[in-house]
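Pulled from TrEMBL:
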DOMAIN    332-450  domain '1,3-beta-glucan synthase component FKS1-like'
TRANSMEM  532-551  transmembrane segment
TRANSMEM  594-615  transmembrane segment
TRANSMEM  658-679  transmembrane segment
TRANSMEM  718-745  transmembrane segment
TRANSMEM  1468-1490  transmembrane segment
TRANSMEM  1525-1543  transmembrane segment
TRANSMEM  1550-1570  transmembrane segment
TRANSMEM  1613-1630  transmembrane segment
TRANSMEM  1637-1661  transmembrane segment
TRANSMEM  1743-1763  transmembrane segment
TRANSMEM  1775-1798  transmembrane segment
TRANSMEM  1804-1825  transmembrane segment
Amino acid sequence: MSRAEELWEKLVNAALQRDRVGGVAGAQQGSIVNYVPSSLANNRDIDAILRAADEIQDEDPNIARILCEHGYSLAQNLDPNSEGRGVLQFKTGLMSVIKQKLAKREVGTIDRSQDILRLQEFYKLYRKNNNVDKLKEDEKQLRESGVFTDELERKTVKRKRVFATLKVLGSVLEQLAKEIPEELKHVIDSDAAMSEDTIAYNIIPLDAPVTTNATTAFPEVQAAVAALKYFPGLPKLPADFPIPATRNADMLDFLHYIFGFQKDSVSNQREHIVLLLANEQSRLNIPGETEPKLDDAAVHKVFLKSLENYIKWCDYLCIQPAWSNLEAISGEKKLLFLSLYFLIWGEAANIRFLPECLCYIFHHMVREMDEILRQQVARPAESCMPAESHGSDDGVSFLDHVIAPLYGVVSAEAFNNDNGRAPHSAWRNYDDFNEYFWSLHSFELGWPWRTSSSFFQKPIPRKKYELKTGRAKHRGKTSFVEHRTFLHLYHSFHRLWIFLAMMFQALAIIAFNKDDLTSSKTLREILSLGPTFVVMKFTESVLDVIMMYGAYSTTRRLAVSRICLRFVWFAAASVFISFLYVQALKEPNIESGIFKLYVIVIAIYGGVQFFFSILMRFPTCHNIANKCDRWPVIKFFKWMRQERHYVGRGMYERTSDFIWYLLFWLVVLSAKFSFAYFLQIEPLVGPTRIIVKQNNIPYSWHDFVSKKNYNALTVASLWAPVVAIYLLDIHIFYTIASAFLGFLLGARDRLGEIRSLEAIHKLFEEFPGAFMKALHVPLTNRTSNPPHQAMDKNKVDAAHFAPFWNQIIKSLREEDYVTDFEMELLLMPKNSGKLQLVQWPLFLLSSKILLAKEIAAESNSQEEILERIERDDYMKYAVEEVYYTLKLVLTETLEAEGRMWVERIYEDIQASLKERNIHHDFQLNKLSLVITRVTALLGILKENETEEHAKGAIKALQDLYDVMRLDILTFNMRGHYETWNMLTQAWNEGRLFTKLKWPKDPELKALVKRLYSLFTIKDSAAHVPRNLEARRRLQFFTNSLFMDVPPPKSVRKMLSFSVFTPYYSEVVLYSMAELTKRNEDGISILFYLQKIYPDEWKNFLARIGRDENALEGDLDNERDILELRFWASYRGQTLARTVRGMMYYRKALMLQSYLERKAGRDEESALSGNDATDAEGFELSPEARAQADLKFTYVVTCQIYGRQKEDQKPEAVDIALLMQRNEALRIAYIDVVDTPKEGKSHTEYYSKLVKADISGKDKEIYSIKLPGDPKLGEGKPENQNHAIVFTRGNAIQTIDMNQDNYFEEALKMRNLLEEFDRDHGIRPPTILGVREHVFTGSVSSLASFMSNQETSFVTLGQRVLAKPLKIRMHYGHPDVFDRVFHITRGGISKASRVINISEDIFAGFNTTLRQGNVTHHEYIQVGKGRDVGLNQIALFEGKVAGGNGEQVLSRDVYRLGQLLDFFRMMSFYFTTVGFYFCTMLTVLTVYIFLYGRAYLALSGVGATIRERAILLDDTALSAALNAQFLLQIGVFTAVPMVLGFILEQGFLQAIVSFITMQFQLCTVFFTFSLGTRTHYFGRTILHGGARYQATGRGFVVKHIKFSENYRLYSRSHFVKAMEVILLLVVYLAYGNDEAGAVSYILLTVSSWFLAVSWLFAPYLFNPAGFEWQKVVEDFKEWTNWLFYRGGIGVKGAESWEAWWEEELSHIRTLSGRIMETILSLRFFIFQYGIVYKLELQGSDTSFAVYGWSWVAFAMSIVLFKVFTFSQKISVNFQLLLRFIQGLSLLVALAGIIVAVVLTDLSVVDIFACVLAFIPTGWGILSIACAWKPVIKRIGMWKSVRSLARLYDALMGMLIFLPVALCAWFPFVSTFQTRMMFNQAFSRGLEISLILAGDNPNSGL
């Protein structure tokens, strides 16, 4: 037997053996059922048959064999030649199963003619064995009883499983047998009708016959289903059109027939529409008694919301919508239109990214449908039929004839982008296609499509190495071209740059004329702002013309003419204004006519602009202006002033909001310009004037440019850093202002009020009331019912709060954050019993009774006792509770005289208290005797009743009686003589306590246990819970109860929502192999987790019933191992963690719904708080489940799940396991099916949705065919787009697969959804921003920096962005989208290749441009994982910075920059692309400053000026610049972070946290990040190359090798740091003669800090980075990598050569090569400056000196070439080569020595030459790399590569030596470990153990 057959044998054995673990291990890992190839078109049937065979294998192998054979024959019929992918293997496997079954039979041949009879008999037998009729009855009775237990759950599952098997047996019988006995047929039909679960459905079984599914019982669902029924206006469908017998035809069937939609797509949209309508209906207050009928208001609202974009589109294009009068349309017609729109959307695939294209399709299809309705004959629509069909029904398909032509051209363009490497201008992206439909030209496409149109013209595929595409090869872009240039920043935000330039000009004029501000000269200079303005506007219009290149042929003529008109207008205005100004300057006085004319022109233009800007801030004026569009003049001026696109219209805010953000920006700008004037511009005025006047300055080099130009370069070197800082410091002031404002807003919102356990303890009694107010639906009849008035409101609140609080605590226990004992202390009693006071959790009352006893014994009076006890509220509550509970327990337990005794004692105590002489009547100092006796009694009573226990209880009671009689009571008994007499008599006769009523009632038993705990818990529970995460969660939850939360609606009336998670191939669930696999340091993931979370590990072991010292190896059974895998996975960034978190939403809704239904059903019990708050069994209630399913859907879109199943990847098994554990989880994926067509393999793509069926295997719900490969753009948005059709509800929350959620936060979701109906400005919210908690912050110091940075942005930053700035975008997950708004406007992300690499933020841009509104809410939070290692962080930041570089080029940013008002535009700029531009400018400022210093030093100007003692202020100014740079780094990170800390942790804790971060070198980290962002942002704009970086989300505690760090940071940080150091050395050597060390240090400390941070941060933050052994290994590995020659297929990680080639791959375009060349020219300045400083040349400044330096450089290059000559030569030549190399070295050394002896050349000169030649060599190298193709052609590439290797080797050594030196001292490594893992140390963890690993050899 071949190996393949053997493997299949194993697989099949696994498939047909029942898994006995009870579903623990998930879907059977090898089950053949899971691998029925998708290319078998009918695979659902085969799948079901094999499952049934699997099910009955043990019962009757013969029947299993018949089923397998039938499955085989079906597969054979479907694909006789086994051409489909995986079909041959499947058939082989199935055949071997059948052979196996035959081999097992003892008898010989099989009589297959008896198979049908056998099947019939087995059918009856199976029914009998499983008591089918009784099953139905039992379940019905249990369901009606209303008690939800596990038994009901088991019975339901059993029934579903039995009926599923019966249905398969019945269908196989029907297919095999020609005729079936009538009686049996009737039974089969009746059973089939019961098997609702065998008809695949998602949430509502709309096609099931009779159903026990509770969703269909809701009146709103029934009303929605009824509303879609066939109405009289629809023509009759043909008789042969298939409609399930279980339901009547509806309007979707009609649309299905005429347009040829896919069956599953129609089913999907049917449920989607029913749910939308049902949810809208449930929100209307319709009384439940009425007959279910859909309200017109519900229909109208859903209709308007869904078709709002279509209506706006028609309005924009001035065309009549598909209806003439909206009011006149009937409800049925609205539903028909709605259904048609959603059917189009549901099958549009990638075309969903083109929302206006969908409007176009809908517009024409409605007209087509109207025509069919008018004719009253149902016939297929022409647009969905092939042209040659001549009216026959064959081939009617919406997908093939409407979507496929569009998909064809979109995919052709997408495949032409060379995997994102082609320039954006060379191909049409999604936006280009969509914007074509923004003009009436789109109607030229006709209907059906006119595919000959140029729109459908496909580009000619590019050749692989083609540099440029010709114009004729592709159709141009639409209305915008994404050219790759920095000029986009000016083009998009020209208003900001014009404003800054004019303000700088004005401030400089004022500074230079400050002594004479009122003179005419000053006025004239101020008026020069006019020409500045028009020239800058002209520049913008020139950019308009340039940037549209590539789209002129296809853009609307109107838009082109606007560009040309603006160009002409601003050109004319520039010439005219400049001419006027020049003429005015010539006039001697300001009274002249020309001057006045100039002033009048400027005043009129400026006044009109200003007036209209102010006026347009008022919504009323906007509306008036829109109404005036009829007037051509106004329309013309508006059109000239602003582009008019379909998006971006009406982007104004409410006047009050405008005033708020105006005030904010006035504060920022005032601070910025004050700083600029007083500290930057004014101090430079004096020095500038003096420098300009200086002449005959001697230059120490050959001077070209500085003669007779007022020393312009010197002035420039002085002013350049000031200008750079002037441009970027606005961001600093914005950061500070927004941080302070965010702090104040957070304080106003009551954030951080509960920030400690003490606060929870102190405020706990306020929680129930706050909970009822914030998170509970208002109780009905709260005031009207008299018994209720008497009842304590606090008791009712506590009773309603308790089930929720207890569920939160239980979820903390399930997650292993608290121990069993802590859970017991934290749980709150139900508060629903006879006790009339509130019972608080034990953690508040523990040890209070014992303290109260001490107080009673010590105090001298009743007043003192009361006063001391009442000081502590919880002590008072504990005493009261014990007092009343003890009475209740004793009176309930004792009978006759015993009860009398208790009542007598209590009455005496009451009387004594009343008379205030408790001290005299009772011996309180002996209370401890009573307590010990009562404790003993309670200890017995809490156990079950036995004879022994009964005796013990009587003995304990007698002891108690004795103590009370003899030790406690001191008063005279005469008052109640008779009673005491009776008691004494009973005591003497020995019958006083003989009759006991043992507490059996659960409530009484709970009271006994609680009393016992109150007496016995001696320790204070002040530190419960001890786990920091549990504390944080409880603090946040309880704090949020006091925040401004919208009041919730009941679950039935709340908005419905979906959660949506894209997943590719990340970790789903750690396997045991992954958990126990050790890295090179001997550390496994499990070992690491056990050390990082020791308390949680112990809690886990306790939960699974193991000893706390158990090892993972001791876990032997499968269930424990699975639990361990989940435990570890819930602490990583895994899909399992995300799914668990998101499923809490369903759990929360089930609990809320269950309690609401209970309260509604039994109002009296609700009022008394009795039973209505008992949440027992809520997860089993069918109604609660159904209600939760109607309101919540969770779809995980696992793009390649189909492929993972076929390849039998462990991820597929784990995903199946998650589905099995979470019944409401749905998995969507793309299934790739290879089917043979005309002898060729044809690939088809399907979008599928599956759930777990009753056997825990995948059940396919929908399978929708796609027009082709859905991945045309970026992977993640395409993955979201294909699956978004399976989501449901009004809202959708986007969640990444590294997120988490918490049960207590899930309770607040319905409150959050109510924000959609709250007032948040002029427009309703379309995205609700949600706060994130970064849960990876405790891993290491790096993780905590990242976490703190992220937290300050997602809290402080976004708080201010949302309000008052009104410019918050969507920054990734977990925001909640208005689902219908977004799916009708292009989806929840954009997907064009590369340009939309940061896909999430484009959803925010799109929303804002389409008049949405983004808000931010902080009373709810979602967990989020972040990268934890430096390399992961750098990759992530690089990805984000690259994404921002692409955003700069995008049309969305351009439109927002153009169309937002000025202040919102500034807010937008500084929080998106401006942030990265300012970051880059920060780094450039250092360069500008240092190159300026280098110029002054090398040219000799600096020395001259110092000699002439002019620039005394210069040092002070430079120091200010320098401080500015430090401020820049510090402020970005410090201010928002510190304020965030203060707000949420308190002042002292914040200061401690901040100082700790400084000791952990956070400034080094943030400076390093500055370099990362700068490099990737700049490189992306210059060359492109942004791509999605998979950063890896594991636990990073391993050591990163030196070479890996070198590869990652060499070009982004090391090279740049070396350049800075070079500049600093040059400045030190030549520019700092007499100024002294102090001024040098002052001037350059921050630059040195920057350089050192960039060079050594990767090694500082590398675990075990300074361990000698590791350093030695790293060096070996690095040298191997450096000298290993690359080759074909060798990766960059293996060889320096391969890595170097990869590093150059981003330079592809001509413009990129030219830019690189220009930038590289700066390296030649060093040689030019230094050679004139050599002692050798004295004072000679002739150009020849420079020429001779090049000769010396050439000689050194020749020498280098000699030493690196290729070794691949014959042996004979080796000796000669060695001789030549030795001789060359000797000659060179001799030459240098002779030169030093005989000439003026000094040793210092030699070092200076090295300093000069290093940058020159690097400059030549950089230029050679930029022109790689040319250099290769001339055969110089190998030499260039040798030189590059030398530079990398030198740079590596320079970095390596200090690292090695530090590693020599052991304490450095210890310090570094402490610094990196401080949090862990402070939690008392053994990080050294983790770093050393549990590897026995790690000590060697």
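Using the three backbone atoms N, Cα and C, a Cβ is placed for every residue, glycine included.
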Contacting positions for the transmembrane segment (1550-1570) when only residues 6+ beyond its ends and CB under 8 Å are counted: 1341-1342, 1344-1345, 1348-1349, 1430, 1433-1434, 1437, 1479, 1482-1483, 1529-1530, 1532-1534, 1537-1538, 1541-1542, 1613, 1649-1650, 1653-1654, 1657-1658, 1660-1661, 1875-1876, 1878
For the domain '1,3-beta-glucan synthase component FKS1-like' (332-450), the number of residues DSSP places in helix, strand and coil: 85 helix, 0 strand, 34 coil
Same-chain residues at least 6 beyond the ends of the transmembrane segment (718-745) whose Cβ lies under 8 Å from its Cβ atoms: 500, 504, 664, 667-669, 671-672, 675-676, 680-681, 684, 687-688, 691, 1352, 1355-1357, 1359-1361, 1363-1365, 1470, 1474-1475, 1478, 1481-1482, 1484-1485, 1488-1489, 1492, 1514, 1521, 1524, 1527-1528, 1531-1532, 1535-1536, 1539-1540, 1542-1543
Spatial neighbours of the transmembrane segment (532-551) far in sequence, C-beta under 8 Å, 6+ residues away: 425, 476-481, 483, 487-488, 490-491, 494, 497-498, 501-502, 505, 560, 563-564, 566-567, 569-571, 573-574, 577-578
Other parts of the chain folded back onto the transmembrane segment (594-615), taken as Cβ under 8 Å at six or more residues beyond its ends: 527, 530, 577, 580-581, 583-584, 587, 621, 641, 1461-1462
Beyond the flanks of the transmembrane segment (1637-1661) by at least 6 residues, Cβ under 8 Å: 1341-1342, 1430-1431, 1483, 1486, 1489-1490, 1493, 1515, 1518-1519, 1522-1523, 1525-1526, 1529, 1561, 1563-1565, 1567-1568, 1570-1571, 1600, 1602, 1605, 1608-1609, 1613-1614, 1616-1618, 1620-1621, 1623-1624, 1627-1628, 1855, 1858-1859, 1872, 1875-1876
Intrachain residues whose Cβ lies under 8 Å of the transmembrane segment (1804-1825), provided they are six or more past its termini: 1619, 1622, 1625-1626, 1629, 1704, 1707, 1716-1717, 1719-1727, 1729-1731, 1733-1736, 1749, 1752-1753, 1756-1757, 1792, 1796, 1831, 1836, 1840, 1843-1844, 1847
The domain '1,3-beta-glucan synthase component FKS1-like' (332-450) [mean pLDDT, rounded to integer]: 91
